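If you check TrEMBL, you get these features:
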- 79-433: domain 'Peptidase A1' (DOMAIN)
- Asp97: active site (ACT_SITE)
- Asp314: active site (ACT_SITE)
- 462-482: transmembrane segment (TRANSMEM)
Amino acid sequence: MMTSPIADFSIRTLISILTLFIVCVSSNPGVFNVKYRYPRLQGSLSALKEHDDKRQLTILAGIDLPLGGTGRPDILGLYYAKIGIGTPAKSYYVQVDTGSDIMWVNCIQCRQCPKRSNLGIELTLYDIEESESAKLVSCDEDFCYQISGGPLSGCKANMSCPYLEIYGDGSSTAGYFVKDVVQYDSVAGDLKTKTANGSVIFGCGARQSGDLDSSNEEALDGILGFGKANSSMISQLASSGRVKKIFAHCLDGRNGGGIFAIGRVVQPKVNMTPLVPNQPHYNVNMTAVQVGQEFLDIPADLFQPGDRKGAIIDSGTTLAYLPEIIYEPLVKKITSQEPSLKVHIVDKDYKCFQYSGKVDEGFPNVTFHFENSVFLRVYPHDYLFPYEGMWCIGWQNSGMQSRDRRNMTLLGDLVLSNKLVLYDLENQLIGWTEYNCSSSIKVKDEGTGTVHLVGSHFISSAFSLDTSLFSLLLLLLITLFLL
C-alpha cells in the first residue's frame with residue numbers, strides 16, 4: 001500500500017508520538033519503566049504469525065512496571081520495559097514475556113548482537129567489568145545445578161555457568177549467568193515512588209541467532225521472563241523476601257500500554273481459577289466455549305491438559321489459537337450472523353470480509369468457560385480487526401500449526417486486552433476481570449497492610465515531549481496530513 005511521502009511521514013510520526021502517552025503503575029515494592037510502540041503497519045498479515053511463532057518469556061507491596069505495548073492484531077505489537085542494571089545503574093530495554101523464565105540482556109562480548117534499533121531507543125551492551133555489584137555465577141552454585149537439572153558435564157567449579165534458550169522460531173540466545181542489582185521504583189505512598197533494587201541472576205548474552213541477532217531492526221536489549229520457574233525474576237525476588245509471588249497485567253487494547261505490577265492487587269476484585277499443576281506454562285482448565293447464546297458441541301477430553309492439549313494464557317502471543325474442532329464451528333457461527341458476507345482468505349491464514357455496520361451489533365460475543373465458574377468474554381471489536389478495507393477474524397486454527405501445537409488452545413493478547421489478569425503463584429491461581437487499563441489499581445503493602453493507589457504516569461523516552469510541544473506538533477502533523 002503506497003502513500004505520499006508527507007502523508008506517510010505524518011501518519012507514522014503521529015502514531016509514534018501518540019504512543020508515548022502510556023499508562024504505568026506503581027506499587028510499594030518497585031517499578032520498572034515499561035514502554036510500548038506502534039510499529040509501522042505491516043504489508044502482510046503473515047508478520048503476526050511470525051511474531052507468535054517466536055512465542056512458543058522487607059516485603060514490599062509489589063513491583064510496578066509502567067507497561068507499554070499494543071495487542072492490536074492489525075499492528076505487530078511489542079511490550080517492553082526499561083530497567084536499570086548494575087552499580088552505577090545503566091538502562092536496558094527488555095521485552096516483557098510471561099511465556100519464558102530467564103531474564104537476559106546482550107553482553108559486551110557479543111558479536112552478533114544488534115547495535116541499533118528503529119524503536120527510537122539506545123541499545124546498551126552489558127559489561128560486568130563496569131558494575132561494582134556484579135559477579136559471575138559459577139558452575140558449582142545451587143542456581144546452576146537447579147536450572148541445569150544437575151551437574152553439567154565439563155562445567156568446573158571455577159567456570160561460569162552457561163545458559164542456552166531456544167525459542168519456537170529457531171532463534172536462540174546463549175551465554176553465561178551473572179548476578180547483579182536490578183533497579184526499579186518502589187511506591188512510597190499514593191502515586192509516589194522511590195528508587196529500590198534487588199539482586200537477580202540473569203543471562204549475559206554472548207551469542208544470538210535468528211531473529212535475536214543484528215539483523216533485527218526492532219531490536220531490544222533482551223527479555224524479561226515472568227514464567228513460573230524458580231529462575232524467573234519474580235521467583236528470585238520472592239525467594240529473597242522482597243515481593244510476594246503475585247503479579248498482574250492489564251493490556252490497553254484501545255490506547256496501547258497498560259499496567260504491569262508485582263504484588264497483591266486488592267482492587268479491582270478478580271475471580272480466580274486454578275492453574276493446572278506440573279505444567280511449565282500458565283495452563284488452565286477450560287470447560288466450554290460459547291458463541292452468542294449457544295455452546296459449541298465439543299468432546300470433553302479435548303480440554304484435558306497434557307499430550308499437547310489444554311489451554312494456555314500467554315500475554316506474549318498476539319492472536320488466539322484454537323483446535324480445529326473448536327475453530328471451525330466457532331468461525332462458522334460468527335460468519336453466519338451475516339449471510340450476505342463474502343469471506344476472502346488473506347495471506348493463507350486469515351478469513352476477512354467487508355462489513356459497513358458496527359461489528360459489536362452484527363456479530364456475537366465469544367465466551368470461554370473455566371473451572372470455578374470463571375469465564376472470559378471476548379467482544380467482536382476484540383476478535384475482529386481492520387485490514388485494507390476489510391474486517392479480519394483474529395481466531396487462528398492451531399490444527400494448521402505444527403504437530404506439537406495441533407490441539408493446543410493458546411489465548412494471547414486478542415482475548416486478554418482490556419482485562420486485568422492476575423497471576424497468584426503463591427496459591428497457584430489465575431484470574432481476570434474486564435477493566436479500564438488506562439485507569440489505576442490498588443496494591444497492598446504486605447509489610448504494613450497499607451493499600452496504595454497505583455495510577456498512570458508519563459514515561460519519557462527518546463521521543464519525549466512536553467505537553468505544549470506535543471500539542472503544537474500534533475496540530476502540525478494534522479495540517480500536513482490534510483494537505
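Every residue gets a Cβ built from N, Cα and C, even glycine.
What you see is a predicted model, and the numbers here were worked out from it, not measured in a lab.
The two recorded residues Asp97 (active site) and Asp314 (active site) have their Cα atoms spaced 8 Å from each other. Every protein chain considered, the tally of other Cβ atoms within 10 Å of the Cβ of Asp97 (active site) stands at 24.
Asp314 (active site) counts 24 other C-beta atoms within 10 Å of its own C-beta, drawing on all protein chains shown.
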